[in-house]
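What TrEMBL records for A:1-22, A:87-114 is region 'Disordered'. Sequence annotations record features per position, and here TrEMBL assigns compositional bias 'Low complexity' to A:1-15. Residues annotated as domain 'SKP1 component POZ' in TrEMBL: A:24-83. What TrEMBL records for A:146-193 is domain 'SKP1 component dimerisation'.
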Amino acid sequence: MAATPADASSSSSEAVVGGEKSNKMITLISSDGESFEATEEAAKMSVTIKHMIEDGCADDGIPLPNVPAKILSMVIEYCNKHAADADDTNKHVADPADADEDDDNNNNNASAGEKEDLKSFDASLVAVDQATLFDIILAANFLSIKGLLDLACQKVADDIKDKSVEEVREIFKIENDFTKEEEEAVRKENAWAFNE
Amino acid sequence: MAEAASAAPLLRGFPDEVVIWEILPRLPPKSILRCRAVCPAWRRATSARDFLLAHHARQPALPILDGLNTVGKGIDILTFDHRSADQLQLQSVARLGANHHFGLEASCDGLLVLSIHDMSLGFAICNPATRQYAPLHLLYGSRLLGMYPHSPTGEYRLLLYLSSKIMHDEGEGASYIFTIGSGHQPRNIGCPDAKALIFTLSTLFRGSLHWHLKQQESASSRIMVFDTTAESFRQMRAPVVRGFGNLFEMDGMLGLSIINDEQTSVDIWVMQDYEGQVWTFKSRVELPIAEIRVQFGKFVDFWNVVAAPSDVDVQVLVKTDEWLLQVDTDGKLVASFHRRGLNPTQRRLKQSLVSHTFFPTQEGYVVNASPFI
């Protein structure tokens, strides 16, 4: 059922039958002119790219003027990992109402290890400096890759959730243009939130 | 929406919409309140109603536990998040102090209805995230069956049962609808049979309140449903099970957890087809009894087993005299908390910073003051 691998010469405007996994490679070009290859399956994790492929605009590679090479390679890494996982999930979803406990447990154990793998991969992907993290968010937003956007935004949220007001301003270089009275009033209004 | 032109961006080099709709909604309520003090633009963004509604939608619906205050009065409201790092799983959301105990009667959209265990036997409503609190002036003897948002009006309403004695009426008691903040008396909608629902927890799902009723000794049970728009009751099919069941929502579906008589296992059923009323058995969690006895020494005759659904799965909490134990879906003992008086409530809290017009109108309304500690 799988197509012959890397058949780059085949017309990319051929419609892919639903459910059939294509091994076609897509070329993505970063803002600084570097080319990257990704499987169509992985590339389609980006809804933006998916639409371009379906509209037949992907033939000569897809230029991504908003995404620098460093970030694009991380994005592609994410898509590769998660496209493979999505595939596995689809295999397990076959019988959700399966009341056979043993079978269920075996399936769970098999994917539990994979889930852990994926979790650590995700965690290390976003364990980067703030500027890079922001760039990842911008790229994920532009490319419409929901999973990556969720992951990166959650990291930012986790980083700031226990920070004090001063620390948040520091981290994001935000100017405090409150008057002293205004700031005091806000703090007083929700005093219990500032106690620790 | 935000007036982008005049205001400085929330984060330099970043579209406001990503900050407002993707990053900030992931912060817990206390962090959002702190964000308001960062600068005027952040205060505006984190105070807008649309934002607060989106923020509320993102909050996890966490099982609530009630912990005895050290003096045994008031109430300590805790939530349990099994996905948090160890020991951060049990979080105190708010503590109320009083000369009496409070009971947790309902939880809806971040609002909690409490019963007051003193001579008045009254009720109160509070939001632990905003620290707003107000007495509810219900008739003495009112029994609370459920709480729900009335979508057409946005009002919060209580479904009550009042006996005929209280209403100085002839005949049977009846169900009443009380609209919080309306200032009106509860409205009689008949349905005296609702009396059977008094001791059963209600679950709001798809705009209707649901209760699982067990029939005496038989294995049959049924589900009563109250359509909050039509204001009428109907019945739904329940799975054929033994034991006391509790309904919950998970993953967009209605679920039912049944604990067996011996309190050694929990069955989880899921209603995969709501319209067709088709229930499917999902899994059974066998408690690791032997392991628990070994680890926690003195085996207590009485323990309380509670299914604690989160947004993704059902953990099981076992409460003994001195401990709260957490068992995961595979029947593994994964965590233990040494604390007396922790009581899993079967209810869940999805925190909200959304403001409600009814609060300030209630007589006795307070913010960040007693009974909040």
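Residue numbering: from 1, along the chain as shown.
Cβ coordinates are placed from backbone N, Cα and C, and glycine is handled just like the others.
Caution: TrEMBL annotation is automatic and unverified by curators.
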Going by DSSP assignments with H, G and I as helix and E and B as strand, what are the residue counts for the domain 'SKP1 component POZ' (A:24-83)? 27 helix, 12 strand, 21 coil
Write out how many residues of the domain 'SKP1 component dimerisation' (A:146-193) are helix, how many strand and how many coil, based on DSSP. 36 helix, 0 strand, 12 coil
Mean predicted confidence [pLDDT] for the domain 'SKP1 component dimerisation' (A:146-193): 94
